[in-house]
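Sequence annotations record features per position, and here Swiss-Prot assigns active site to S165, D262, H292 based on sequence analysis.
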Amino acid sequence: MKPENKLPVLDLISAEMKTVVNTLQPDLPPWPATGTIAEQRQYYTLERRFWNVGAPEMATRAYRVPTKYGQVKTRIFYPQPDRPATLFYLHGGGFILGNLDTHDRIMRLLASYSQCTVIGIDYTLSPEARFPQAIEEIVAACCYFHQQAEDYQINMSRIGFAGDSAGAMLALASALWLRDKQIDCGKVAGVLLWYGLYGLRDSVTRRLLGGVWDGLTQQDLQMYEEAYLSNDADRESPYYCLFNNDLTREVPPCFIAGAEFDPLLDDSRLLYQTLAAHQQPCEFKLYSGMLHAFLHYSRMMKTADDALRDGARFFSDRLQQD
């Protein structure tokens, strides 16, 4: 697609999204476009500090949990003494960026709105870790907390997975991994997915959308994929191209959130249509005027806060139905 044939996205986004795009952090250096991944990670963490200010205070604990790849950092958020369930959160960042600090506010708000314990898992980033290491680390962390639930004062009888962008793929992939390999870590009551990628190689939205404003050009997406996967065959794995998995049975209830001007929107639409066609419990919600990654901006945008509340409500409703 020639760039001039793409939609003029920055002219079409909502007023509140434009406010975020135009927000300048005066002490922030330019994005290191030609820098190393380490430099980009450092910048991303610095840039996200502004957006994590003002999150709800609650009891928080940090722990390292064992996996076959070594110890993985986790952060547990306890919003209240009563804990109806535990949500595992997987951060986005194209598999190569992000950590527990860059998504701290998101996790705190999700814990506050759901009133469930939230555990963030700091899975090893790519390219240091190649598929399926991140999924195996997530599953190992779930198993560990299931076995040690009493020690950590958490309820692991009912669990959920949640994530944004690449983290959304990891969330659903982990839930399917548990199902397929018959691993008991508690009943998966729901999966919360914000603007994820689920395996499409091409789509209408990937052609019409994506640019320097969201880091999701076709070249960007190819770079993330090459960093994450071990080899070409992994592209068809049912835990990377989730449409190659069996989505006709025993898929946990899914809340699927899409952003109107996200190149990955068609991934979310296809996931919803597939699940709905096979009577798998799911809900799709489109957030008008939004760019990819809008969930970060709840400090300034009501729509971002609404999207977190919507996911929390979906999960709470599923708990009530059990």
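We number each residue from 1, going along the chain as drawn.
Backbone N, Cα and C atoms are what each Cβ position is placed from, and that goes for glycine too.
Overlay of Swiss-Prot feature records on the structure.
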residue	record	Cβ within 10 Å
S165	active site	27
D262	active site	30
H292	active site	24
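D262 (active site) and S165 (active site) are 10 Å apart (CA-CA, integer value). Across the structure, D262 (active site) and H292 (active site) place their CA atoms 5 angstrom apart.
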